[in-house]
Structure formats: structure tokens, C-alpha cells
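Okay, so here's the structure we're looking at.
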Amino acid sequence: MALSWRSWLANEGSKHLFLFFWLSLNVWLFGKTFLLYNQGLQYYYLHQMLGLGLCISRASASVLNLNCCLVLLPMCRVLLAFLRGSQKVASKKTRRLLDKSKTFHVTCGVTICIFSVLHVAAHLVNALNFSENYNEEFVTLNAANYRGEDPRKLLFATIPGLTGVIMVLVLFLMCTASTYAIRVSNYDIFWYTHNLFFVFYMLLMLHVSGGVLKYQTNLVEHPPGCFNPNKTLRQNLTVPKAFGELFPDYTTEPFPEDPPVPEPFVQNSFTRVCSEEPKFQSHFPETWFWISGPLCLYCVERLYRYIRSNKPVTITSVISHPSNVLEVRMVKDDFEARPGQYVILHCPRVSALESHPFTLTMCPTDTKATFGVHLKVVGDWTERFRDLLLLHSNQDTEILPIFQQRRYPKLYVDGPFGSPFEESLNYEVSLCVAGGIGVTPFASVLNTLLDGWKCYKLRRLYFIWVCRDIESFRWFADLLCMLHNKLWQENRPDYINIQLYLSQTDGIQKIIGEKYQALNSRLLIGRPRWKLLFDDIGATVGFFCCGPNKISKILHKLSNSSNSYGTRFEYNKESFS
């Protein structure tokens, strides 16, 4: 059980501990700010007017500031790739935390949604209280213009209110379009709505500049609840409604020397007679301090990525594979990448704004500058991209010669960017499991080993590939056969253990072609028996999985379970969603 606990802590446990820490941090910040506004004397008059709506709105705003600041950092892909590849982060565990950037981004986004609901609800109550508790004694403190003013005017006729309403609509669109169902069914909707974040941040800066909620600046000259004898005679004194309970009988009884101040605004001693009226002032917008740095960092990175991606790209060949898979090979000046990384492709003739990430299946080396990607044609963008690249849509396989390159559309490549699979060569033993087109991250690793394996730490690789149809294996059949033959010639046949599984079949099948005989002997019918496979591997294993979520969940659970051989799996995954 100790081994199982360590495996859980190294894999799933680290994520749960982080989520618990992040939740605790947000709750602590909310409570700290709530108490500040609930007990601070400078908010006494505003608290009397708004009640707990003041505390809840300001406490939730503090949490929103924190999350709106940090939600941008995981999207700084160049920075993350630099930290991973520059050896600035020497610890393997710390580098694995960088792979959780998407999880951190989603966590911040969910937190923003939750506390936005709380913030909006508190301000709805505040708008109602401003209207009902309007006080002529504190004109500068009131957001309303008169008692009984329609609260809807405060929401739709003021800059803070109107920007807040639009931000709620933008946030609603971003959240609903980020759900798994919409991302899978229509990625375009998710992409376009998610880029509304720039509008959200611009509105946020206008929203906080309104200064609706104010604090008292002259606490020394005018302590809360004090009496100003210079303002009016005692017999003509009109006590504000908020202080009616403090001075119940002021017309017939002598003025009390030390009137009590209600909780939570109790203070040991302060002057009860003041010489001036309270003065109120809006806070300087704190949100600017929170979001300016990350927003500027993100904008600088996007500018850098735009300049970098504008370098010319030459498409050298296009290959149409079975099962609607297209391979594109390219050349770009000064392009460097590591196995497991991915790039973002943008084709203006397909879409003026839309771009998509694809894992590199071939990385440039010292001997060749060509790099490539495999993409599965499953949506509108990939269909239009395929039609532009292929001269004839009914071709099965075609490598277009150099003199026809002028037919290719203009293509921009942004990247490369880091991924968990960069670590696959840094273990002595690695287990790579792919489902269908999820094999693409491992293709670049296999291509790298084909050029030379002795310079890496990796000493044994288990490669398992599960597909539904036999034709899918032909995507990388040549690569697997070449690597297998190379290792046999170098007397290292045990360096890589290849297992191919055909999950759906009507009978015994094999990969067509005599040159694939080495793969046919490793082709199995059915699904892998994961438990037996895991028990057969020893030592600390780098576990890498890319495929459908169903397979990923099963393997993640098994990687955390104990086994009789003392194997410890460090799980890394990449999903299509």
C-alpha cells in the first residue's frame, strides 16, 4: 500500500493537493477581505448603507483579481517551453508541474465563474440598498441620485453597471463554449468565443475605474458616530436614520458624552466631538496592479509569436494516408524543435483568424531540416486545408514534386511549444501508449531514435498502439519497420518492444506488404491486457499516454495501483480535448 500511495501522490495526488491548496488560498483571501471591510472604521457609513453586500462584493472582487491575473500565465506558451527546455528547471517533478498548465488555466477559469456569480449577486443587493437607504447627509457616498431610484438605472445607465453586465454576458459565452460537448462538436465556436477574453479585460479596466464604493478619508477629524456642534444647534439637529438607535432621546435629554458604537466598529477611545463633516474618496483601482503585468507579458509574447511565425515556410511534400489522415512536410529557416513538441498552423486561405495545434511527427536534426505533422481530417478546417493541399481529392497517396509547390497555399507555423512527451527520452524505461491518431507525439520520438539512440538516457521503450482498423497502422508502418531493422542490425533487438492491437476486426488480418512482416508478428487482435503488461515492467517507468479519455482514465487508475514487482509509474498524458 505504501507503493500505491507514493504512485498516487506522484500522479493523481499532486493534482488533488494543488486543487486543495488553490481552493484554500481563495477562501483565505475571501475571508481576509471580508473581515477588512466588515470591521474597518473607514467603511462605517458605507457599511450602514449596504450591509453585508459591501463585504461580499469586495471580498469576491479580491479573489477575481487574483484569478484574472493568473489565468493568463498558463497561456504564455513560449515562456513555458523556455522553462522546460532551457534546463532552468532541473527537477523532473517541477517540469511535470509545467505540464499541468492547462489544468491550472481551467481551475482559474472555473474560480472566476463561481466568484463572478457571487460578485454579481452582491452588487444586485447593493444597487437595491443604495436606492432604499439613500441619505442626504452623505451625498458623495450614495451611488443613487435620490431615494427610491430604480436600481436598474444603476446597472444599465452607469459605466460600472453597464460594463459589468457586458462582462457577465462575455463570461457566460466563454464558459458555455468551453464545455466538452461544444469543443468536440464545433471547435470554431469555442475558439472564437474564447478570444473574447481581450474584450473582457478591456471592460474590466473600465469597470473598476467607476469608483462606486468609497471609503472615509478623515477618520481623525471625523470618527464614525461623532457629533459636530458647529453644524447646527442641538434643538434643530436632525439625526441621520442610520444613527437613530444611537441617540434615542436627543430633544429632551442631555446629549450623551460617550454614545456606544455598534459592533463590529467598537474602538477603545476616539474623539466624540468633531469639527468637520466626513469626506469620502474612491479607491485607486487595484485591478490594474493585478492584471497589468500578466496582460503585458501575454501581449509581448503574442507579438513575438506573430513575428516568429511570419518567417516563410516551404511545404516540401503532402501525403494522403488511409483513414483520412494527411501528412504535411515542411522546411523553415532556423526552425528547431524537440521530440514531443507541437506547432500551431495557420492558413489564411482556410480561415483568416482560426489556427490549430498539431504535434510534430518529424523534427529537424543536424542532418535534415525537414519537419512534419500528421492531421486527421475530422472538421471543416481540416477538410478545407486538405482540399487546398491535394490536387485531386480521390488520391490515396501522393508526394507532390518540388516544381508543383507554387500550388500550395501560404502557411504560417507558430512554435514549437512544449508538451509532456518531451520527457519520454529522459527515463531509462518508458511506456508509450497511443490510441488511434494519438500516436503522433510518439512518432517524433521514434524518428529521433532512428537517427541515433545512444546519446539518450532511454534504454528500453515499450510502444503500444491500439487502432480500430488495420489501415491505421500504415500511417507509421515504414517508420516502425526501419527502426526495428536498425536495432536488429546494431544487436539491440530488446531496445524497443512494439505491440500493435486491433480492437475491431471480423477475422484474422495483417498489414499488407511483405516489408511489414516484422509488424505482423507483433499484431494482436483485441484489447491489451493492461494488468499483465504492467506487472511485466520493473523499476521507475515514465508512462506516456495519448488517446481517448476512456483509455486514459483506465491507465491512470492502473498506474496508481500497487504491483508485486515494485514498479512505480510516473504518468503523463495528452488528450484530444
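Using N, Cα and C of the backbone, Cβ positions are placed for all residues, glycine too.
Marked as domain 'FAD-binding FR-type' by TrEMBL: 308-423. The transmembrane segment annotation in TrEMBL covers 20-39, 59-83, 104-125, 154-177, 189-208.
Here the transmembrane segment (154-177) has long-range neighbours at 109, 112-113, 116, 120, 123-124, 127, 130-131, 143-144, 183, 189-190, 193-194, 196-197, 199-200, 203-204, 206-210, 212, meaning same-chain residues at least 6 beyond its ends whose C-beta is under 8 angstroms from one of its own. Taking Cβ pairs closer than 8 Å, the transmembrane segment (189-208) reaches residues 68, 159-160, 163-164, 166-167, 170-171, 173-174, 177-178, 182-183, 285-288, 291, 295, 353-354 in its own chain, all 6 or more past its ends. Counting residues of the domain 'FAD-binding FR-type' (308-423) by DSSP class, helix then strand then coil, yields 22 helix, 41 strand, 53 coil.
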